[in-house]
Amino acid sequence: MMHQLYPQVMHPYRYELNKDMHIAAAHFIPHEAAGSCANVHGHTYIVNVTIAGDELDESGFLVNFQTIKQLVHGKLDHTLLNDHSDWFDGHDPNRFPTTEVVARTIYETIQRYLDTLPHKPTCLQVFVRETPTSYVVYRPKAGER
Ligand SMILES: Nc1nc2c(c(=O)[nH]1)N=C([C@H](O)[C@H](O)COP(=O)(O)OP(=O)(O)OP(=O)(O)O)CN2
Ligand SMILES: [Zn+2]
């Protein structure tokens with residue numbers, strides 16, 4: 001596992017949790033602007049998820065690290081991203097499996113899960129590195145949720 005520094009988010013919460021994941025996956029971007037990336041190719045994505053909150057659950061967890069891994073790595077690792085029609089599609093650019101959309105969709109998936117928890121943790125940031133030279137940070141807009 002490669003360890004690296006991530007952008008920091010300022011927030012008022014007592015607890016901040018970060019989960020790193022490495023995800024081996026293939027994808028293609030179904031648009032001519034993508035050039036050779038319109039062909040199927042693979043990456044080892046490096047994903048970092050930042051979650052914060054003021055209260056812990058009955059286990060003493062803000063959120064179980066394993067649950068976050070299951071929601072993201074468990075879904076995407078060793079798959080073709082384009083095959084996940086519940087996350088991505090080939091017609092709407094906001095759902096092409098670009099780094100931006102991968103980051104936003106991970107955020108949406110995690111936040112949907114967090115919203116079911118009584119102590120209401122919140123996802124502050126999702127960092128997705130697609131290549132050694134390219135990464136995206138997704139943060140929800142203030143007041144969006
Ligand atoms: N804004 C985006 N631009 C590109 C994306 C993307 O998701 N969002 N994706 C791609 C390709 O999928 C490609 O895999 C990654 O692109 P790139 O950074 O060009 O990869 P390289 O390793 O070739 O980068 P170098 O720095 O030139 O080595 C393209 N664009
Ligand atoms: Zn790619």
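Just so it is clear, glycine is given a Cβ too, placed from its N, Cα and C backbone atoms.
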- line: Listed by TrEMBL with HIS41, HIS43 as binding Zn(2+), from among HIS27, HIS31, is HIS27
Message: For a quick check of understanding: among the recorded positions HIS41, HIS43, HIS78, which residue's Cβ has the most other Cβ atoms within 10 Å?
response: HIS43
Field: Secondary-structure category, per DSSP, in which CYS37 (active site, proton acceptor) falls
entry: helix
Task: Measure the Cβ-based neighbour count of HIS27 (Zn(2+) binding site), defined as the other Cβ atoms within 10 Å of its Cβ.
output: 25
HIS78 (active site, charge relay system) and CYS37 (active site, proton acceptor), Cα-Cα, nearest whole angstrom: 18
